[in-house]
Amino acid sequence: MNGVIIVNILRKTLSSLAIVGLGFAMANSAVAEEKAMATHQQAQQLQQPAPETAAKRAPTKEELTPVNPNLKIEAANEKFAADFPRQYNSWAKTAEQTEFHKEVEDDPRMIVMWGGYAFAKEFNSPRGHIYAVTDVRNILRTGSPKDANGGPQPMACWTCKGPDVPRLIAEWGEEGYFSGKWAKGGAEVVNSIGCADCHDTQSQDFKDGKPALRVARPHVLRALDTVGKTFATSDRTDQRAGVCANCHVEYYFDKSTGANNVVFPWYKGRDVDSIEKYYDEIGFKDWEHSISKAPMLKAQHPDFETWSMGTHGKNGVTCVDCHMAKTQDKDGKVYTDHQVVGNPVKDNFQNTCARCHDQSQDTLIKTVEQHKADVREVMLKLEDQLVKSHFEAKTAWDNGATQEEMKDALQAIRHAQWRWDFAAASHGMHMHAPDVALKIIASGLDRVADARAKLAVILAKHGVQQPIQYPDISTAEKAWKVMGIDIEKERKEKEEFIKTVIPEWNKEAISKGLILTAPPTTPAK
């Protein structure tokens, strides 16, 4: 039983570390409290789920939105350049945001944690909006399909990438859009995140220079309905946050209608525990882990959810206020900057933070960096324990463990990694809600300790000497090999795909008039 003793000591140590970090973050998170905005109550309402009696589950086939020939969407961003030069030119500057981090190469633990899932091959931090189509084409996760029916991913993987998506849903209906493989949309989804994703570009208000904000993706409107909101009648604060919720949210692919429909799991709430409860009740899993056999969940990018739990969300400060702040051109005309500044504290302080905060830029930069370091420290501790839990589960299976013996330990792994992923996939959670991030990670540490304690008992029962020997995953190359991923083969196939298939997609899209020029090919730095 030595394994149980070791793991229980570890549990106490890691939980203490998480609590210390949590206390520090909570002390620093008060910087904006004195400047609470008048929209506090409205923002609070946005966080609340609809009454239980109003809640429902994923839509049935009959409830999916049909073809809508009356909904006209001009997806080509370039066509708005002449009428809206300031907004368009600032949006085009997202092309300057070429840098991203190759996350799984920087942190090979992820390769193990995502074993059996495409994220183990490649996962990168985000860059400029203009690269959304380019990056989903180039990433190893989407494979190298040779025709419209090939490849590993469904059509739904295009859903956040640009305004061609609502155009296609209007033309094909939801069932038609969400059916089939990702490659089906290769010559159709060609305009990256842009104008018609957020604006009703055909309306008179838009032509008159008003924002005319709109959500044109039916699954997003259904999700807002679950929290008691109707986009069209919502106030400006809710709408400004709601358009970002087109994409910056947690979602899953529901297959009950025969397609891969995008659904937001908000039926019990939008916090990590409520979403987990929903997934558990419907028996959903994103995949089965390749070595531990745990039924895993993959958080997407729950920025909207985590923002709503933080100081800014609670006080009605929206994504647009910080990342797309008002600015002036050389003639003094005020407009919304569409460059989408990733780090406004460093890169746009006077137009954002300084409008509410009395602290200096240096002070706030140090505060945010400390939050990030605190979250990162405990997150890596959780990753270390998750990696060990997956290998320990594999060892238990290899030594004759049964499904009945393993089910509780595997469920604990599922819940622990879900919490890690919820915090990790929301790239700015250290800024949006650092105290919430640390609470989530601390609860993940508790659950992985529970998993490892259960596994220690199972391993001892089957005569396994503990601690077990863990493989060397100190580099991405070593981790890929341990997890059975032939990364060079994947890369060569993708290179051929980029060279041969993508030019044909671009050629077809241009011939149809869907784009004027092909999506950018600037490589990431």
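Every residue gets a Cβ built from N, Cα and C, even glycine.
Listed in sequence order, Asp303, Phe304, Thr318, Cys319, Val320 are the same-chain residues six or more apart from Cys244 (heme c 3 binding site) with CB atoms under 8 A from its CB. The heme c 3 binding site feature in Swiss-Prot is assigned to His129, Cys244, Cys247, His248.
Look at Swiss-Prot and you will find Cys157, Cys160, Lys161 tagged as heme binding site, backed by sequence analysis. For Cys160 (heme binding site), the count of additional Cβ atoms within 10 Å of its Cβ stands at 20 [all protein chains shown].
Here Swiss-Prot flags Cys195, Cys198, His199, His338 as heme c 2 binding site, drawing on sequence analysis. For His338 (heme c 2 binding site), the same-chain residues lying six or more positions away in sequence with a CB closer than 8 A to its CB are Gln87, Tyr88, Ser90, Trp91, Thr94, Met324.
Among the features that Swiss-Prot reports, Ca(2+) binding site is placed at Glu250, Tyr251, Lys298, Gln300, with the record citing sequence analysis. Long-range Cβ neighbours of Tyr251 (Ca(2+) binding site) (same chain, at least 6 residues apart, Cβ-Cβ under 8 Å): His219, Val262, Val263, Phe264, Pro265, Gln300.
The substrate binding site feature in Swiss-Prot is assigned to Tyr251, His301. Following the DSSP three-state reduction, the secondary structure of Tyr251 (Ca(2+) binding site) is coil.
According to DSSP, His312 (heme c 5 binding site) sits within a helical segment. What Swiss-Prot records for His312, Cys353, Cys356, His357 is heme c 5 binding site, and it gives sequence analysis as the kind of evidence.
Other Cβ atoms within 10 Å of the Cβ of Cys322 (heme c 4 binding site), summed over all protein chains shown, number 23. Here Swiss-Prot flags Cys319, Cys322, His323, His432 as heme c 4 binding site, drawing on sequence analysis.
According to Swiss-Prot, the compositional bias 'Low complexity' annotation covers 43-53.
Swiss-Prot lists 43-63 with the feature region 'Disordered'.
Among the features that Swiss-Prot reports, signal peptide is placed at 1-32.
Fewest other C-beta atoms within 10 Å: among the binding-site residues Cys157, Cys195, Cys247, Cys356, that description fits Cys356.
Proximity note: of the listed binding-site residues (Cys157, Cys160, Lys298, His301, His357), Cys160, His301 have a CA within 10 Å of the CA of His248 (heme c 3 binding site), given in sequence order. In the three-state DSSP scheme, His199 (heme c 2 binding site) is classed as strand. Of all the binding-site residues given, namely Cys157, Lys161, Cys195, Cys353, none has its Cα within 10 Å of the Cα of His432 (heme c 4 binding site).
Cys322 (heme c 4 binding site) and Cys356 (heme c 5 binding site) are 11 Å apart (CA-CA, integer value).
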